[in-house]
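Colleague: I'd like to ask you about the structure that follows.
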Amino acid sequence: MDIELRGITKRFGPVVANSDVNLTIRSGEIFGLLGENGAGKSTLMNVLSGLYRPDEGEILIDGKPVRFEGAGDAIRAGIGMVHQHFMLVPVFTVAENVVLGVEPTGRLDHLDLKTARRQVREIGAQHGLVVDPDAIIEEVPVGIQQRVEIIKVLFRSADVLIFDEPTAVLTPQEVEDFFGIVRSLRDAGKALVFITHKLFEILEVADRISVLRGGKIVGEGDPKTATEADLAEMMVGRPVSFTVDKAPKAPGPALLEISDLKVLNDRHEVAVDNVSLNVRAGEIVGIAGVQGNGQTELVEALTGLRPTVGGAITFLGEDVTRASTRDLHARGIAHVPEDRQRDGLIEDFTIAENMVLDSYYDDRFSTGLNMHWQKVHEETARIVTEFDVRTSSVFDLAGHLSGGNQQKLVVARELSREIKLLIASQPTRGVDVGSIEYIHERIVAARDAGVGVIVVSTELDEIRGLSDRILVMFRGRVVAEFDSASATVAQLGLAMAGAAA
Amino acid sequence: MSEPGKLDAISSDLLKRAVADRFNGEEMILVPVLSVVLALAIGAIVMLATGVGFGSIGQSYLALFTGSVGSVNAISETLTAAAPLTLAGLGIALGFRAGLFNIGAEGQLILGGIAAVAVGFALTDTPAWIHLPLALLAGALAGAAWAAIAGWLKAATGAHEVITTIMLNLIALRLVDYLLRNPPIQKPGRADPISQSVLPSAELPRLLTWIDPNLRVHAGILLVVAAVAIVYWLLFRTTKGFEFRAAGANPDAARYAGMRSGLIIVLVMATAGALAGLAGANQVLGVLGRASPGFSGGAGFDAIAVALLGRSHPVGVLLAGLLFGALQAGGREMQVAAGVSIDLISIIQALVIVFMAAPTLVRATIPWVFTKQVGR
């Protein structure tokens with residue numbers, strides 16, 4: 001089944017999300033759609049999956065124009081979407097989730113779960129999507145949940161599968177498995193659309209690439225010949241540097257010392273297991289590791305968000321093991337949380353309100369009970385300009401910013417005051433290439449100004465590019481330490497998999 | 001780095017407020033107004049269905065109008081009825097802003113009323129300028145303390161405030177009943193549950209007796225205006241209000257920003273309770289002069305609707321309180337003049353709440369009024 005989008009334009013009020021977009025999706029092919037956050041990728045795919053009606057243009061299936069009145073029409077036409085945020089019922093089994101809404105029923109509307117389980121196994125076997133139909137969704141890893149989403153779409157006999165940022169939540173190993181699945185679906189004759197802003201992924205898996213910028217198709221690329229630099233330039237509209245420019249710098253005096261730290265996770269299991277490390281002024285310490293190996297709990301303990309059960313944290317010679325979040329903040333520790341939308345900012349608050357979210361009590365912004373909003377707004381306007389947060393007004397809601405600009409807002413807030421230590425978790429997750437470059441520059445600038453930095457990331461490139469020293473965490477322990485100049489990807493990868501332990 | 005001059009130019013652009021977009025205006029003003037219109041329309045259908053003729057329906061709504069805003073007396077009655085609803089509604093709105101669903105205004109209100117009565121009759125030979133503030137303060141403190149219990153339970157144990165405030169309402173109801181039947185609150189020589197009378201020095205003075213000695217509107221409405229201003233200031237101009245709103249909009253982000261959620265919860269509940277307690281004090285010191293079972297007239301529950309209707313904004317709550325006050329004042333007139341049961345007012349109030357809670361319903365019922373269509 002081939003699909004053609006012809007002259008698609010979609011407007012939201014004065015905002016043109018898609019402008020005269022033409023593209024073709026063919027069966028037996030993986031089509032990569034590349035673009036920064038806010039480039040219009042999701043709008044375009046929502047048009048294709050029937051959620052939005054285009055203002056202009058038409059959709060042709062095998063040459064015949066079609067009109068989708070809703071998502072149901074698109075599904076019946078064989079177009080299925082695997083969303084970035086999974087739409088699964090956590091307490092249901094795999095099979096129950098797959099058949100939800102189109103359940104096989106027997107006599108007297110009896111729910112035929114036996115057939116459902118068989119069908120799930122069949123589809124799984126056919127495409128290499130191995131899952132246990134009886135597993136409960138909330139108990140299986142994210143990679144498996146994604147497989148269930150794919151099976152769900154295949155169960156509804158989709159011939160066109162759209163993947164919206166499918167790798168954002170996966171570990172490197174799961175990404176590899178996922179690529180295998182995508183390739184086998186292509187070989188089975190399905191048409192696949194792969195939406196992402198990660199360049200190397202699209203180069204690895206796509207057969208054909210189109211780049212979307214500002215709602216328009218600005219270029220096409222052949223994955224065999226295109227380079228990351230080419231694609232990035234098309235995507236951002238200017239040349240982008242992938243290497244972090246960083247002058248060598250001798251670290252200063254000791255800043256943070258952690259000894260034998262022990263922290264429990266929410267299930268009361270040991271998540272951080274006797275970790276000792278230190279950070280000195282003017283150095284970037286990278287903490288690498290596959291998601292879920294204790295990095296989150298370590299950061300929460302360091303920022304006063306999670307109690308410790310053993311060991312000690314010393315900051316500038318003072319014991320801060322039991323210090324509160326506010327106290328640590330006042331001592332000059334800044335925190336860029338890993339989940340910015342949940343923990344880093346308040347989407348219903350204005351940009352200005354978010355800018356002072358953790359410093360509103362400061363003398364600069366308030367006296368006693370009274371907030372000085374005029375000062376807050378002026379200061380925010382200054383910081384927003386300095387940190388290149390793209391917005392038209394400081395009164396805009398943070399929720400209206402693109403992901404990259406939200407992250408820049410959080411980074412700007414944390415770096416725009418006098419700090420001694422920066423703890424940045426996944427500082428560029430879900431952020432577009434242009435913003436990544438900028439955020440990296442700011443982190444290095446902070447380090448050059450004598451700030452100690454801890455960067456926690458699951459992206460090896462980011463860790464290697466930024467860090468002066470790299471620690472690898474595996475099952476709650478620091479299992480390896482590397483000088484970033486000499487560490488290879490292979491060494492780090494092995495350590496992350498636990499081989500060095 | 002851009003030179004300072006350029007930075008200033010860009011910054012001043014950023015300081016301009018965006019023109020309020022139309023969709024928001026519809027949400028804030030059109031939906032509430034249409035909710036009331038729709039509720040009145042369905043109220044008419046209900047009257048038709050119960051055998052009230054067209055003429056009587058017209059007469060009823062006319063009476064509703066004249067009884068609420070048609071004369072000085074009507075306006076006085078509307079303001080008198082609006083005062084406790086607005087005060088308690090402000091407290092509930094404050095809770096909503098902080099993510100707390102405080103069902104307990106009724107309990108806080110009646111305990112506040114009892115405390116105000118107690119101070120109101122106990123302090124003899126005290127000048128009014130001391131006595132009245134003390135009585136009001138007693139009402140606010142009693143409400144605050146009662147609400148703080150629910151706040152503390154949530155902060156310390158995670159107990160949900162909806163459950164605890166409902167339970168505290170029941171306890172408060174029985175406690176007040178007990179107090180009204182026993183000394184020292186009970187009026188000496190009476191067997192029925194009724195309190196001693198508030199001394200004149202603790203009464204909220206009536207404001208319009210120079211026009212007509214029967215006009216009941218009293219200084220409590222000045223209290224209401226002050227409370228609206230104070231709650232607005234608290235929510236939008238202070239650091240505590242910033243914390244309240246942050247904790248309500250995103251508790252995780254508030255915690256990550258170093259705010260202490262437990263303290264915030266207790267403070268919000270106590271402030272909400274103080275406002276409900278003031279509402280109770282307002283009733284006993286301004287209207288009734290004493291307390292008896294059911295003296296609140298359910299104002300603590302109606303106040304939930306007032307807070308919802310006012311979109312948890314202090315000014316909105318004031319307008320919603322005035323509307324509900326008008327419905328109550330007009331409803332009495334409607335009963336007298338048109339013979340339509342005052343229960344209809346409860347139906348209209350309930351319908352307003354239904355429409356306010358489901359704005360999509362309003363949009364779907366009269367879609368042509370809105371620029372933005374449902375589901376698109």
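Using N, Cα and C of the backbone, Cβ positions are placed for all residues, glycine too.
This is the feature table in TrEMBL:
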TRANSMEM  B:29-54  transmembrane segment
TRANSMEM  B:74-96  transmembrane segment
TRANSMEM  B:103-123  transmembrane segment
TRANSMEM  B:129-150  transmembrane segment
TRANSMEM  B:162-180  transmembrane segment
TRANSMEM  B:215-235  transmembrane segment
TRANSMEM  B:263-284  transmembrane segment
TRANSMEM  B:304-324  transmembrane segment
TRANSMEM  B:336-358  transmembrane segment
Colleague: Using Cβ distances below 8 Å and needing 3 or more such pairs, separated by at least 6 in sequence, tell me whether the transmembrane segment (B:336-358) contacts the transmembrane segment (B:103-123).
Modeller: no
Colleague: Determine which residues of the chain contact the transmembrane segment (B:74-96) at the Cβ level, with the cut-off under 8 Å and only residues 6 or more beyond its ends counted.
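Modeller: Residues 66-68, 102, 105, 108-109, 143, 147, 161, 208, 215-218, 220-221, 223-224, 227-228, 231, 234-235, 244, 248, 268-269, 271-276, 278-280, 282-283, 286-287, 296, 299-300, 302-304, 306-308, 310, 312-314, 316-318, 320-322, 324-326, 328-330, 332-333 contact the transmembrane segment (B:74-96) from elsewhere in the chain.
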Colleague: For the transmembrane segment (B:129-150) and the transmembrane segment (B:263-284), does the number of C-beta pairs under 8 Å, pairs 6 or more apart in sequence, reach 3 or more?
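Modeller: Yes, the transmembrane segment (B:129-150) contacts the transmembrane segment (B:263-284).
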Colleague: Return the stretch with the most CB pairs under 8 A relative to the transmembrane segment (B:215-235), choosing among B:29-54, B:103-123, B:162-180, B:304-324.
Modeller: B:304-324
Colleague: Flag the pair the transmembrane segment (B:103-123) / the transmembrane segment (B:162-180) as in contact if three or more Cβ pairs fall under 8 Å (sequence separation 6 or more).
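Modeller: These two stretches do touch.
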Colleague: Give the nonlocal contacts of the transmembrane segment (B:29-54) in its own chain as ranges (CB under 8 Å, at least six residues past its ends).
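Modeller: Result: 60-61, 309, 311, 316, 320, 323, 340, 344, 347-349, 351-352, 355-356, 359, 362-363, 365-366, 369-370.
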